[in-house]
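See below for the structure under consideration.
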């Protein structure tokens with residue numbers, strides 16, 4: 001083979017799309033599509049048609065640029081097999097490692113609290129509205145559901161992980177199917193409410209504030225940051241030795257881009273389908289009732305007068321069941337991350353990092369009691385889920401997903417080539433706007 005043929009062959013091999021790339025594209029996509037998606041239509045549709053159209057424009061840039069920034073941070077470490085904690089420690093020392101451990105824990109733990117509230121409300125709504133049963137005590141329901149999940153986690157962790165992986169695709173398929181099935185019920189209410197002469201840009205209900213608050217729920221819903229570190233390590237081990245780090249970075253960016261496109265297409269279609277079926281007032285009611293949009297849809301179809309179609313009856317029951325399954329799936333997935341993070345913190349500060357001083361069983365028990373206990377307290381208190389996402393969940397995710405990579409790009413020599421780019425300004429702005437939601441909630 002001539003030198004030219006060798007070069008052409010090498011270039012073809014480099015540019016080819018591998019099966020593993022498709023697997024990771026779907027993996028990133030599947031990680032993001034969870035219970036958080038069930039709240040996005042409520043916040044997105046709350047302000048009517050114009051804000052959700054602006055969110056549609058912002059959705060892909062937020063998903064792609066923010067996750068690409070985190071991937072670049074993970075790629076910047078000298079060890080191809082090093083995870084994000086090792087990379088941050090390499091750039092900023094042991095203190096950086098402690099900070100990232102705290103960030104990971106506090107980025108995931110509030111999500112468990114959110115899911116604890118959600119699963120309690122969804123179950124009680126299904127019990128009272130679809131099954132027509134008498135109301136139950138909230139504290140007892142929350143305790144029962146959490147003990148049930150704790151039992152499954154304690155005695156069947158491996159089975160739980162396997163079942164979770166099987167649930168991802170049926171859930172995504174059900175979202176697409178519901179979105180399509182709602183089309184016959186679309187109406188023009190959301191379009192009829194658009195009055196260009198009375199549109200307010202500022203103020204409590206203005207378009208800018210609505211979109212600003214919507215950015216938080218987008219950061220929360222379009223989030224696959226927990227898996228980015230593992231994804232980058234896998235791609236570095238696959239590509240870096242043969243093709244170099246620059247090629248690996250381009251390949252990671254390409255995969256993140258395709259995953260973001262899939263994610264935005266599915267979630268935004270679902271949001272628009274819900275909005276055209278319901279109305280901004282319905283979305284406000286769903287927020288006030290503190291339930292996911294599928295539960296509200298179930299109640300909406302249950303309240304239809306006259307003879308209901310078979311689909312309406314199926315959706316009335318199916319939507320709540322799908323919501324429950326989605327929340328269980330998301331709770332289990334985030335529990336594993338929370339447990340790992342809390343175990344690390346307890347080990348680091350309680351036992352000075354000495355694994356010989358405590359058994360893994362005892363460590364898991366201590367962490368489980370704290371996690372389930374705190375989740376039960378929050379579930380019983382029943383704070384508004386969207387407010388909790390905007391004030392706690394999304395800002396912590398944004399600090400990890402947006403601001404940490406931007407700080408690293410400014411400080412770490414290995415990331416110097418990414419300085420001075422316009423997309424850095426965009427990612428920083430998204431991170432700051434999301435965190436500033438905390439200030440907005442205070443006033």
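Using the three backbone atoms N, Cα and C, a Cβ is placed for every residue, glycine included.
Remember, it's a predicted structure, so these values are computed and weren't measured experimentally.
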Tell me which of 22-42, 232-252 corresponds to the transmembrane segment entry in Swiss-Prot.
22-42
Report yes or no: does the transmembrane segment (423-443) come within contact of the transmembrane segment (259-279), defined as 3 or more CB pairs under 8 Å with a sequence separation of 6 or more?
no
Closest-packing stretch to the transmembrane segment (22-42), where packing means Cβ pairs under 8 Å, from 97-117, 163-183, 207-227, 319-339, 389-409:
207-227
Test of understanding: applying the rule of at least three C-beta pairs under 8 Å (pairs 6 or more apart in sequence), is the transmembrane segment (389-409) touching the transmembrane segment (163-183)?
no
If we skip the immediate neighbours and take only residues 6+ beyond the ends of the transmembrane segment (389-409), which ones have a Cβ under 8 Å from one of its Cβ atoms?
36, 39, 66-67, 69-70, 72-73, 76, 88, 91, 100, 103-104, 106-107, 110-111, 114, 213, 216-217, 219-220, 223, 225, 415-416, 418-419, 424, 427-428, 430-432, 434-435, 437-438, 441
